[in-house]
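Participant: Got a structure for you, questions after.
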């Protein structure tokens with residue numbers, strides 16, 4: 001019974017760690033802003049379903065990948081690796097936070113980048129706009145504004161040719177790209193283009209992100225189901241906030257303060273996992289060969 005109580009307390013701590021890690025990592029992040037922008041253009045419920053569905057898949061995959069690691073290397077080493085990752089992320093975020101200016105200038109820059117990604121994705125999906133020789137999509141809006149079209153002309157020394165995506169698809173795309181386009185069209189027909197757009201943009205934005213790597217680290221050190229559940233709940237809260245009032249929230253929060261708070265949290269997690277790795281290693285070193293002292297008489 002005592003072991004059950006200890007395990008319950010551990011699971012509760014893991015739930016809190018996973019939830020806090022997602023909240024501090026994702027609020028004001030690019031995927032947060034993508035969901036906010038899409039929700040202003042399309043039905044909120046559909047955007048939430050697409051973005052959250054992508055994050056659920058990402059959380060399960062990341063936690064499962066972390067769960068596999070202890071079968072390849074000892075748990076003590078996975079805890080040490082998790083500690084190192086959290087220390088590195090914490091230090092990097094602290095440095096980024098110190099270099100940021102106070103206010104919401106940084107998040108406005110992130111907002112513009114998110115809008116550009118959405119416009120590029122929409123141009124690639126519906127076949128509008130132009131494509132550069134290097135495959136970069138230029139939305140018609142930017143060509144009309146003269147924004148990226150001018151830089152595109154400089155890069156190609158005035159010899160670039162604007163080609164419509166519909167013409168480009170006829171011969172220059174690889175079989176893999178055609179397969180990806182076909183799969184997207186199929187799921188757009190099945191689930192709706194807005195759902196697919198929110199799903200794809202969120203998945204690509206989260207892949208390789210520090211929150212994904214941190215989820216892998218948590219999955220390697222703790223119960224995979226608890227880790228997956230805690231991160232899914234955190235993503236649900238962040239995505240709901242982004243869809244309901246992301247634009248308003250982005251004007252009120254300071255990315256500098258959020259980043260510094262996240263850095264402190266990650267460094268704290270690093271110390272926790274370093275302590276757990278030390279205690280786990282100590283248990284293996286001092287553990288007696290005989291559980292019962294009377295066994296020594298035999």
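Using the three backbone atoms N, Cα and C, a Cβ is placed for every residue, glycine included.
Keep in mind that what you see is a predicted model, and the values were worked out from it rather than measured.
Here's the feature list from TrEMBL:
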type: TRANSMEM; residues: 15-38; note: transmembrane segment
type: TRANSMEM; residues: 45-65; note: transmembrane segment
type: TRANSMEM; residues: 77-94; note: transmembrane segment
type: REGION; residues: 109-128; note: region 'Disordered'
type: COMPBIAS; residues: 112-124; note: compositional bias 'Acidic residues'
type: REGION; residues: 148-173; note: region 'Disordered'
type: COMPBIAS; residues: 148-158; note: compositional bias 'Basic and acidic residues'
type: TRANSMEM; residues: 186-204; note: transmembrane segment
type: TRANSMEM; residues: 224-245; note: transmembrane segment
type: TRANSMEM; residues: 257-275; note: transmembrane segment
Participant: Provide the three-state DSSP residue tally for the region 'Disordered' (109-128): helix first, then strand, then coil.
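Facilitator: Summed by class, the stretch gives 18 helix, 0 strand, 2 coil.
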Participant: Quick check for me: are there 3+ Cβ pairs below 8 Å between the transmembrane segment (257-275) and the transmembrane segment (186-204), leaving out pairs under 6 residues apart?
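Facilitator: Contact absent: fewer than 3 Cβ pairs fall under 8 Å.
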